[in-house]
Amino acid sequence: MTEQDTDRQSVRASTEIVLVIGAGTMGRGIAQAVAEAGHPTLLFDADQRNLEHGLAVLETAWERAVQKGKLASSDARAARTRLQPAQGLDEAAAAAIVIEAIFEDPEIKVTLFRELDAIVPESALLASNTSSISITRLAAAVKAPGSFLGLHFFNPVPVLPLVEVVRGLRTDEATVNRALGFVRGLGKTPVVVNDSPGFVVNRVLLPMINEAVLCLAEGVAGKEAIDEVMKLGASHPLGPLALADLIGLDVCLDIMRTLHRDLGDDKYRPAPLLARMVDAGKLGRKGGEGFYRYDR
Ligand SMILES: NC(=O)c1ccc[n+]([C@@H]2O[C@H](COP(=O)([O-])OP(=O)(O)OC[C@H]3O[C@@H](n4cnc5c(N)ncnc54)[C@H](O)[C@@H]3O)[C@@H](O)[C@H]2O)c1
C-alpha cells in the first residue's frame, strides 16, 4: 500500500470537519474535492447568492460526473450529503481545518482571519488558498501562526493534481506534515515551497501570461496566433490568453500587482491592456468574456 493509499484510508475514517470559506471558482472546487475525499465539509460565503450559486454549480458537476461514469452515483450522493452550507462564520468553532478562498485582497483576508481567530478551536489548521499574498503576513493575523500555512490549489480543482503547500516563516513542521497528509488524502500531490510572492507556479506562470498580453497589445500577433504558438511550440495544453480567461483576468492582474510591489522589479509590471480589460469588466470565462467570448 502506498503512502497516498494510507492517507486516503485515514481520511475516509476521519470525522474532521473542514470549513471552506468563499464559494467562488476555487472555494467550491476545493469543497468538492474535500467532500469527495470523505470529510464533513462546510462551505461559507459572505454573499448568500454566491453561496447558492456555488452549491448549484457543484450539484451540476456531480450530476455530470455520474452521467459520464467518472463517479458512482452512490459516491456523488455521499459527497453531496457531506457538504453543507455554513450559515455564519461562527460555524468555524466546529472546524478542524479551515481553508480560505475569498477575494485576493490582503486587507479583506487579514480581517477574515482576525475574526476567525476568535472562533476556531486552538488545534485547528488554518490555510489560505491565496495565489500570491504572503502567508507570513496573513499568519500574523492569528494567535498561533505556527498552525497557519498556504494550501494553493489550482483551477480547475477537480482536475489539477498539484497543491503548493506554502510554509510561512513561522509555520510549524507539524503543521506542514499534517497538511501533507490532508492533501494526499484528497488524492492530490503536495509540493512544499517557501513563502515568497507568487510562490513558484505563479512566479513563473503569470509573467508569461503578462508577456502574452503585451505581445497582443503591441500587435506582435493576434490572440489566436499567440495561443496557437504556445500550444504547438511549447506543448502547453492551453494558450496563455485562454489560460488567463480561465484563471480570471482580475486574479491575473492582482497577482502581477503583488509580484511587482513585493519583488520591486519592473519586469513584473502588469500589462496596461490587462488592467484596461479588468476595468471594462472583461474578467474571462466567469463573466462570459475575456480575451475570448464564452456561452454562459
Ligand atoms: N481563480 C483561480 O484560478 C485561482 C487559482 C488559485 C488560487 N486562487 C485564489 O483563490 C482565492 C479565490 O479566488 P476565486 O477565483 O475563487 O475568486 P472568486 O471571485 O471566484 O470567489 C471569491 C468568493 O469569496 C467570497 N468572499 C469575499 N469576501 C469574503 C469574506 N470576507 N467572507 C466570506 N466570503 C467572501 C465572494 O463572495 C466570492 O464568492 C483568491 O485568493 C485567488 O487568488 C485563484
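Glycine too: its Cβ is placed from the backbone N, Cα and C atoms.
Since the structure is predicted, the reported quantities are computational estimates derived from the model, not experimental observations.
Record features (TrEMBL):
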DOMAIN    18-195  domain '3-hydroxyacyl-CoA dehydrogenase NAD binding'
BINDING   Gly22, Ala23, Gly24, Thr25, Met26, Gly27, Asp45, Glu104, Lys109, Ser131, Asn155, Lys286  NAD(+) binding site
SITE      His152  site 'Important for catalytic activity'
DOMAIN    198-294  domain '3-hydroxyacyl-CoA dehydrogenase C-terminal'
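Positions of TrEMBL features highlighted on the structure.
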| residue | record | DSSP class |
| --- | --- | --- |
| Gly22 | NAD(+) binding site | coil |
| Asp45 | NAD(+) binding site | coil |
| Lys109 | NAD(+) binding site | helix |
| His152 | site 'Important for catalytic activity' | strand |
Residues among the binding-site residues Gly22, Gly24, Met26, Lys109, Asn155 that border ligand 1 - Cβ under 6 angstroms, in sequence order: Gly22, Gly24, Met26, Asn155
Of Gly22, Gly24 (the binding-site residues), the residue whose Cβ has the fewest other Cβ atoms within 10 Å: Gly24
Largest inter-residue Cα distance among Gly22, Ala23, Gly24, Thr25, Met26, Gly27, Asp45, Glu104, Lys109, Ser131, Asn155, Lys286 [record-listed NAD(+) binders, Å]: 22
Residue with minimal Cβ packing [other Cβ atoms within 10 Å] among the recorded positions Met26, Asp45, Lys109, His152, Asn155: Asn155
His152 (site 'Important for catalytic activity') to Lys109 (NAD(+) binding site) - Cα separation in whole Å: 15
Per-state residue totals over the domain '3-hydroxyacyl-CoA dehydrogenase C-terminal' (198-294) - DSSP helix, strand, coil: 66 helix, 3 strand, 28 coil
The domain '3-hydroxyacyl-CoA dehydrogenase NAD binding' (18-195) [mean pLDDT, rounded to integer]: 97
